[in-house]
Structures are given as structure tokens and as C-alpha cells.
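> Dropping the structure in here first, questions after.
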Amino acid sequence: MKRFLTPSDLGDINKALKEAAEIKNNPNAFQHLGKNKTAVLIFFNSSLRTRLSTQKAALNLGMNVIVLDINKESWKLETEFGVVMDGDKPEHIREAVPVIGQYCDIIGVRSFAKFENKEDDYSEKLLNQFIEYSGRPVISMESATRHPLQAFADLITIEEHKKVERPKVVLTWAPHPRALPQAVPNSFVEWMKVANVELTVTHPQGYELAPEFMDGVKVEYDQLKAFEGADFIYAKNWASFKDYGKVLTTDRSWTVDERKMAVTNNAKFMHCLPVRRNMIVTDGVLDSPNSIVVEEAANRVVSAQTVLKRMLEAL
Amino acid sequence: MKRFLTPSDLGDINKALKEAAEIKNNPNAFQHLGKNKTAVLIFFNSSLRTRLSTQKAALNLGMNVIVLDINKESWKLETEFGVVMDGDKPEHIREAVPVIGQYCDIIGVRSFAKFENKEDDYSEKLLNQFIEYSGRPVISMESATRHPLQAFADLITIEEHKKVERPKVVLTWAPHPRALPQAVPNSFVEWMKVANVELTVTHPQGYELAPEFMDGVKVEYDQLKAFEGADFIYAKNWASFKDYGKVLTTDRSWTVDERKMAVTNNAKFMHCLPVRRNMIVTDGVLDSPNSIVVEEAANRVVSAQTVLKRMLEAL
Amino acid sequence: MKRFLTPSDLGDINKALKEAAEIKNNPNAFQHLGKNKTAVLIFFNSSLRTRLSTQKAALNLGMNVIVLDINKESWKLETEFGVVMDGDKPEHIREAVPVIGQYCDIIGVRSFAKFENKEDDYSEKLLNQFIEYSGRPVISMESATRHPLQAFADLITIEEHKKVERPKVVLTWAPHPRALPQAVPNSFVEWMKVANVELTVTHPQGYELAPEFMDGVKVEYDQLKAFEGADFIYAKNWASFKDYGKVLTTDRSWTVDERKMAVTNNAKFMHCLPVRRNMIVTDGVLDSPNSIVVEEAANRVVSAQTVLKRMLEAL
């Protein structure tokens, strides 16, 4: 296993879910795998859950972990090729990446969409540099277009909470004051498509996700109608894909509230966190017993550990 | 042991001091306790001693340690309830705290008094969020009103250096250019009250500590008189409690110097560090053989390890 | 071994190179040495390679590692003596250093030349504070005048790649937009002088290195002539020593390019990294098979581990 970006990198998803359950049940059972192995976790962006849960997962596997906030602790990286480097970026990614590879066995990278250039973001330019030049297996800890550790944890959480064989899962856009990447909704859709769920996506006009993710996925522009009979409501803000990186509206009539949850099938409420209260979701819904956001976050250790275990086994 | 904030959290103080001495004598003897256990240390504020000594203590106990500078590496946290989160703080403490709890076995938190609101500070609002919502034992690594790891280390140091059964200990205010919290003096008084010492507090008018800490404690406004016959001089600056968070004076006639130390009983000089030379204390006193500030700092490992050991035993 | 700053701190250089080769061959063979030992790595400046490689080296030896970005995570340090500390620096190095020593067994320090005062830099004022007052063995992870872990790794790399008993090694100045310290070229010269190589240094007039390093070293002001027949080209920018800390020129006719490499004896290209492409060296040279900058960086683990091993053995 040389990279972790999409569900297909895990192969059979049911087998992966079974393995995740075993790991959750006995997190310290595989420490021989990580002995004398080192994970370097590179953060170009802020992180709470990803930082802590991926460290915890690696420690559970007996690995050494080195965390690097690359922009703050190291050198600013040039990512363009062929330039004369006479500006404020003293190091080129073309050196930094293979060098990091020399110091570890597995690399995790977090680098958000920059919203400067849709093609750069959607080609996963930076992550692919790590995959191509590091010489090590690479885990996306949220890259420009995807957040697979989150989506895998989301799927594990849905598996644990579902009451019917094929639950109705609704991904709903919700308002937010700033432009956020599409990584979380993209991955969520990508993972739900390979899972045994009935997926509906709801958002205002103009917030359509990239076509490459939405093939065959049902979109319902009426949020309340989308919620009807849902078993899981997954809320998330994202900026426009079409009008790339723009905030088209912050209309709080899209905030998830008790009134909307009432039309669901007693749905569980999910969000990847951090969540802006009373923008994305009301206090009432978030503090209700149906909110499983903390369990969802806890499963980030399980998803990360499953991926790290697979990579260690393949070293 | 679910929290560490006051001496009463340790129970019998003499038993705790004996345990601390055993740990100091054999720091690696309890590594079985920490195996596969993780401490997450959360810093809202700067730290040198607390950061290094608490990590060292946890490592001595065989624990994994994850350090998080939450404001720099993670998301800014909203602490108000009921607000619409449309500003610069993307995450609410109500989610962040239980999530952190999912990734560890013990939490340490450093969060200084903000001096915005006396009630918020003196109710230990932030620390209590961690105690209430994390689901884990919580150690104050200096919170709004107390610095118990420091005060416990201070007491250990006094025990090691005292030449009489019941030494005279003087806590003296000293000048400083900025407003500093009352956490260190509050805790020092709180711990000295349960120890076998004779405590005198000396400071200019207007620098009275909070009444809840000073019940039954002798205050002497004449600094030189307070120093007479002292076995330990503990210097510290703090801002006014009455005129909350204000610097009333930076009068350097309160600086601890050789002339004042001369009226003591050959007293040891103590300070929690960092210390501003020639403001709090002269170079001469700080560099004298009677200065035990480095030993005092070294005992921060011992106090932290005693507390962590108790918490691990109670898990 | 109480400090690591110059090659003489290692004693017999051939013995040290043999030891380094053994460590590289079997990096995990000495983990008993580091058990229950802690390295604290203090960074006053940014770092990628030094940070990761020194951590990795310590972990390979079974040590605990604590990393501290002292200016960001801790308190700003006063380094002047006798001052009244009423400014923006709340802690004096005279306390900070011995306190850090209390929390670890070995200290690594990175603190670049400040270019404020040649005497301060060239007396290694800050590093010597750590050596004098910490009570622990101290490793320079690049100090004001030297970068010995780099130079030792450079020598290891030259040993691995040399095709003749006594290769011709050329250190060449190259242009850069900012003023850089002389630590890397100083150490490179210092280590090459004790190695079995023929060293030539080339740079524009005015970029002469400090006389204390250059005793007996051949300087050739004609870069192309210097390159003739070279087996290794080591490029680096540095600011003027004579006109201390100044950039005298950014003349790109000094950039290392294919035309110049063509007059060498099929030389390997080396640089300590980070390197500014098309300022220091062209893309063509850096991306050629003769560029060994990544291997050179990888050997930073080997040099650090050899030094740490020696220090652990001497504890």
C-alpha cells in the first residue's frame, strides 16, 4: 500500500471495515509492526483531530512519530518548477520531499486546497509530489480534494450506528462565513458510493461538487425534502466548485436545526469538526443525544491505525 | 484522582511528599504504569519549565506524550455559549475538549488568567470545561488562579532544604513591568497553609491576594520586617486582585537584594522562574549560593511525576 | 565527550568514520545506550533536516526526544548580563540553560549567527553559555560559526563516493538574495582540513572566510579554474566576513551550471540544503545523476547518531 487517498487504496471495503473493528477492539495488538519504524507527519495547515488521532494511531502501533509544522518550524517551500529562487521561499519541494523520505518509513501530509487555481488543487499537485518523490508510502491527512481518513472514520461510525442494512445518508451543505475546501464532502461522497448506503446530497444552487465525484449521486436542492426519512445527517460547508473557491451565500436557512431533524428517521447528526455552532448546526441539535460527532472524531484513530497498519505490513 | 488543582487533590500531604521523595530517588521504577498510556499536554500559553518537566515526568513513567500548542497548531477556540460562531474562532471548546479526551488517558492544560473578567478567571471557567467534558483526569499546568505543580515542587524543595522543623517562609511581592496572574502566589499560599511552615506574606498596599486564599495568613506590609529571621524568601510579582489585573506600582525598592537578605536567617532564595533580574531580584542574590531556583525547577519533574503516577494508578 | 563543535571533539577522524559506517549499517544496534535517556533539542531558528535527522538519530538510539522551538513556545531570552530586565525578554539565559539541563541528558542547540556583532558571533557566546551552564553534553546543531553535524555528514558522503584516495574537493561561493552565516563553509573547511582530500576554496573578492579557518587552505578567485579536475563541487552562499554580514554581490555568473561542471572530473555536486535553484545551482546540475544532495542529507542521521552515541557512552 503505497498511498492512501481514495477508498480503492484500501481494496475490499468490507474487509477494511472488519479490520478496523478488530483494531478498535484491541488497539495495542500490533505493536511489533511499528517497532523501529518512524512516521513523519507534515502539516502545512492547522489541525486538532488529525494531528492528535494520527499520532495516537502510530503510537498504538509502536511507531516513533515526528510532527513537523513545516511553514512555522522549517522553510517555506517553493512548488513551481524552473523558477529563479530569489524570493521568500528558500527551499524547493523537489529537495524537501525526498529528504523527508530519508528520515522516515511513512509520511502523512496535510495541505489544504489553496483556491488559487482549480487545476493545481484538483490535480493534487502537492500530494503527488510527495507520492512521486519521497520514496515512502504517503497518507493524505487532508489534501486539496480529499480527506480520506475522515471519510473512512465516517463510514466506520455509520457502520456502528446503523439500524437498517442500507441506511439513508444525507450530506447537507450548511452556511459558514469563510470559503472552505471541498475535500471533506468529496471524500464523503466517494466513500459512501462504495458503502452499502443510500446517499442524497443537498445544497443550494451553485454548490454542486466536482462532476468526477458526483457521477450517479442523487442531488436534492430542497433541504427539508432531502432530510425526510434520513438515518444520518452529515453537515458540512464547502465553497463553490463552479465559481471556484467562492462563498455564494451564507444563508442561515440552511443551518441544521431541530425542525429539520424532526422529519428524519430519528437521524444521527454527524460533522467532521471543527463545527461553527449556530451557523452549521444549532446548539440544540449538536448537544442532543443524536449527535455523534465526538464518537466520529474518536474513530479517526481507528481509520488512521488501519491505514498505518496496512502500510507497515507492506513495507 | 480525577483532577489536580489544589493540595487537597493529593490527600495527606506528608504521604505525598514521601511518595515524591521515592520517585525522585528512582524515577524509572514505575514505567509499567504508563505503558500504552498517552498524556496530551495542551498549551494556551508559553512555557519552558512546565513543558519540559511534565513531558519528562510522563516519559519517566513510560507514557506516550503529545504536546499541543493549541492556538498556533490547531484552531482558535470559542468559549462563550449560545453564540453564532461567525467570527474568527472556528471551533467551540464544547467539541474540542471531549474530542481531545478521546485521544488520550490524561490531559494537562495550561491557560493563564486573561484579566478580562475576574469572575471568569476565578471560577476557573476554562479548566472546569476540561474537567467536566473531557472524560479524563485533568492536571492544571497553571490555570487562571493556581499553579499547583509549581507549588508542590516548591514544597518538595523546602522540605529538602529546611534546617528547622517549622521554617519561616516569606512570600514577597516584587516589581515587574507587566501585569502577571496571581496563580503562583495563590497556590504557594494554599500549599504552605497545609505544610508545616510559618508563612508571612509581604507586599505593597493594594496587592492583597484574594480573600479565599488568605484566610488566617499573616500579612506584613513592611518588607524588611517580614524578612527578619526568614528561612526561605519566595519572590514573585503579581497584579492587583482588588483593582483586578492592574499594575499599581513598579517600585524597585521592593526588589529583593543583598541588604534585605542580610536580615534573614541565612535564607534560601526561591522563585518559580522565569525571573526578571534586577527587577524581582538582584544579580547578586540570584547568583549567590543561597539561590535554589534551579533545584526548585528540577523538582517540577518530581511534582508532575507524583501527580501523573497517582492518576495512572487510579485509571 | 562533553561538546560537539569541531572535528577535534571526535578525536581520530578515521575511527569516527568507521564508527559512522557501522552505525549506518545497523542503526538500531545501540538502543540499550539510550534507554531512559532524554535529548532536548533547542531551536532558536528554523530547521528541516537538522530537526528531523537529529530526532531520528536519537530515536534510533532508543532515546526520548523533546523538541523545543524556544522563541515560539517558550520565553524570549535575555543574553546580556547586568541589565535591568524591564523589556520584552522575561527570562535570562543564565536561568534557562541550567534549568533545561535538569530535564535531559544531552542538549542540542541551533542558534544562527545574528550578524549584529562579529565578536559575539565568533566567540560562540550563546553556545558557550549552554556548554558552561547546562551541566550536560552539548551538540551544536548549527551555531554562530559552525555546523559540525553537516560537515561530518559531508565528510561521510565524500568517503562513500570518492573514487580516488585523495579527491579534489572544491568549496564554491554562489549567489543568494540574503545574508547567510558562514557556519557551513567554516565547518566544511575545518573538516576537510583533517580529511584526506585536496581542498580548494573559490569565491569573489571580499568573501574571504575568517582567517582562523583558512590557515593553509588554497583560495582560487577564478571559479572555472578552481573547478578543473574537481571530484566534488560543494556550493554554498555566505555573507562577507570582512564587511561583516553584508551581501557584496548577487552576481549569477557564480551560479554553478552545466558548463562549469563540464571542466570537473565528472564531479559530484553537493550542497547542505536548503538550496535556491537557479541562484546557487541550475536545475540541470541539481537534477543530474551527479547531484548527491539527498544522500548527503540522509547522512545527517548518521553523523548525529555517531555523536549522540559517543555522548551516551561517556555519560
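Positions of Cβ are set from backbone N, Cα and C atoms, glycine also.
Note that the coordinates shown come from a computational prediction; the quantities given were computed from them, not determined experimentally.
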> For the N(2)-succinyl-L-ornithine site that TrEMBL gives with B:GLU142, B:HIS176, B:ARG276, which of B:LYS218, B:LYS236, B:LYS242, B:LYS309 also belongs there?
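Given B:GLU142, B:HIS176, B:ARG276 bind N(2)-succinyl-L-ornithine in TrEMBL, the matching entry from B:LYS218, B:LYS236, B:LYS242, B:LYS309 is B:LYS236.
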> For the carbamoyl phosphate site, TrEMBL lists B:SER47, B:LEU48, B:ARG49, B:THR50, B:TRP75, B:ARG110, B:HIS147, B:PRO148, B:LEU149, B:GLN150, B:CYS272, B:LEU273; sort out which one of B:ARG178, B:ARG300, B:ARG310 goes with them.
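TrEMBL names B:ARG300 for this carbamoyl phosphate site.
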> Name the binding-site residues, out of B:TRP75, B:GLU142, B:LEU149, B:CYS272, that lie close to chain A, meaning a Cβ-Cβ distance under 8 Å, keeping sequence order and answering 'none' if none do.
B:TRP75
> For B:LYS236 (N(2)-succinyl-L-ornithine binding site), list the number of other Cβ atoms lying within 10 Å of its Cβ atom.
22
> Neighbour count first, Cβ atoms within 10 Å, every protein chain included; then name which of B:LEU149, B:CYS272 tops the list of binding-site residues.
B:LEU149
> Within 10 Å of the Cβ of B:HIS147 (carbamoyl phosphate binding site), how many other Cβ atoms are there?
26
> If you skip the near sequence neighbours and keep only those at least six away, which residues in the chain come within under 8 angstroms of B:ARG276 (N(2)-succinyl-L-ornithine binding site), Cβ to Cβ?
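For B:ARG276 (N(2)-succinyl-L-ornithine binding site), the qualifying residues are B:HIS176, B:PRO177.
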> Reported as an integer number of Å, what is the Cα distance between B:LYS236 (N(2)-succinyl-L-ornithine binding site) and B:LEU149 (carbamoyl phosphate binding site)?
16
> Give me the non-local Cβ neighbours of B:TRP75 (carbamoyl phosphate binding site): same chain, 6+ apart in sequence, Cβ-Cβ under 8 Å, ordered along the sequence.
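Long-range Cβ contacts: B:LYS89, B:PRO90, B:GLU91, B:ALA96.
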> At 10 angstroms around each C-beta, which of the binding-site residues B:ARG49, B:HIS176 has the fewest other C-beta atoms nearby?
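Candidates: the binding-site residues B:ARG49, B:HIS176. Fewest Cβ atoms within 10 Å: B:HIS176.
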